[in-house]
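*Asks:* First the structure, which I've put down as structure tokens, then a few questions once you've had a look.
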Amino acid sequence: MAKLVNSVSELIGETPLIKLQRSVPYGSADVYVKLESFNAGGSVKDRIALNMVEVAEEEGILKSGDTIVEATSGNTGVGLSLIAAAKGYDIIIFMPETMSKERQDLMRAYGAELRLTSGEGGMGEAISQASALASQDGYVMLGQFDNLANPAIHEATTGPEIVEALGKVPDAFVAGVGTGGTLTGVGHYLRDQDPDIKLYAVEPAESAVLSGQAKGSHKIQGIGAGFVPSVLDTQLYNEIIQVSSDKAIETTKVLGINEGILAGISSGAAVAAAIEVAKQMEKGQSVVVVAPDTGERYLSTGIFSE
């Protein structure tokens, strides 16, 4: 049903859940994908961007005239830039230069000032530079990796949306770990509904920090920050699944060709893991996985033309 809204922020949340039809082997559990590209800014990070800003406003941390500062691999920066534009804030984003051109252009399109950091320095360098600026008066860093408003919004909205759409609690839930907010928030909500649900964290095989291995370079933009974020509840999930960059890209392509779903690389990683989980489960059971964003943000990387 068509609806009238007063702000772009009202177009965040209530994203669709779609069942994969041609990508899951026969006899496996059903796999349902939560398409977060349907948010106003095109990704799952719109949810946390809005909530972090509104909580900071409510707590008096963020005031009119302040400049928002954030370190991001891209999607949180896009979401925050959108919210900043809608609310009238200036915003400065720090991001590794290796992130896709589309992400950079989207932030600039919303009026953000973008400061690129070295690819070698990764998210650590971006966070360090953002923190240094935020130490000055008039600058407020929302800190997605440490901000409890991040998982809180997923527990309050994303989790309930999954149960409402599916009509039940799924047997398993899979999410890639960037900040860990999605897995932590949704995971807590679903486990409160059903203590037996299986929760799976997904990370790049080349940078399996959650598994206790050394950080490394990888191509799965949006997950695998190279450290364990403080908002991630490491006691919550049942298992960590490592997915290689090549497998993530391959699955991203499969989603487009087999399902008509144009998703991003981190979506490919998460769906690849979800399909593996589904293979180990029984027919009739259900796996829900989050697809954080759209493949349109990665056209310049060449993954769809290879």
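Glycine is no exception: its Cβ is also placed from the backbone N, Cα and C atoms.
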*Asks:* Among SER7, SER9, SER266, SER267, find me the residue TrEMBL lists at the same pyridoxal 5'-phosphate site as ASN75, GLY178, THR179, GLY180, GLY181, THR182.
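*Replies:* Answer, per TrEMBL (pyridoxal 5'-phosphate site with ASN75, GLY178, THR179, GLY180, GLY181, THR182), from SER7, SER9, SER266, SER267: SER266.
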*Asks:* Whole-number answer please: how many Å between the C-alpha atoms of GLY181 (pyridoxal 5'-phosphate binding site) and LYS45 (N6-(pyridoxal phosphate)lysine)?
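*Replies:* If we compare the Cα positions of GLY181 (pyridoxal 5'-phosphate binding site) and LYS45 (N6-(pyridoxal phosphate)lysine), the gap is 10 Å.
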*Asks:* Around the pyridoxal 5'-phosphate site formed by ASN75, GLY178, THR179, GLY180, GLY181, THR182, SER266, which additional residues qualify by having Cβ within 8 Å of the site's Cβ center?
*Replies:* VAL44, LYS45, GLN144, ALA175, GLY176, VAL177, LEU183, GLY222, ILE223, PRO292
*Asks:* Restricting to the record's pyridoxal 5'-phosphate-binding residues (ASN75, GLY178, THR179, GLY180, GLY181, THR182, SER266), give me the longest CA-CA distance in Å as a whole number.
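*Replies:* Between the outermost Cα atoms of ASN75, GLY178, THR179, GLY180, GLY181, THR182, SER266, the distance is 15 Å.
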*Asks:* At the Cα level, what's the spacing in Å between ASN75 (pyridoxal 5'-phosphate binding site) and LYS45 (N6-(pyridoxal phosphate)lysine), rounded?
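*Replies:* The separation of the Cα atoms works out to 6 Å.
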*Asks:* Where GLY180 (pyridoxal 5'-phosphate binding site) and LYS45 (N6-(pyridoxal phosphate)lysine) are concerned, what is their Cα separation in Å, rounded?
*Replies:* 12
*Asks:* Return the residues near THR179 (pyridoxal 5'-phosphate binding site), defined as same-chain residues 6+ apart in sequence whose C-beta is under 8 angstroms from its C-beta, sorted by sequence, else 'none'.
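*Replies:* ILE48, THR76, GLN144, PHE145, ASN150, ALA225, PRO229, VAL231, LEU232 - these are the non-local Cβ neighbours of THR179 (pyridoxal 5'-phosphate binding site), listed in sequence order.
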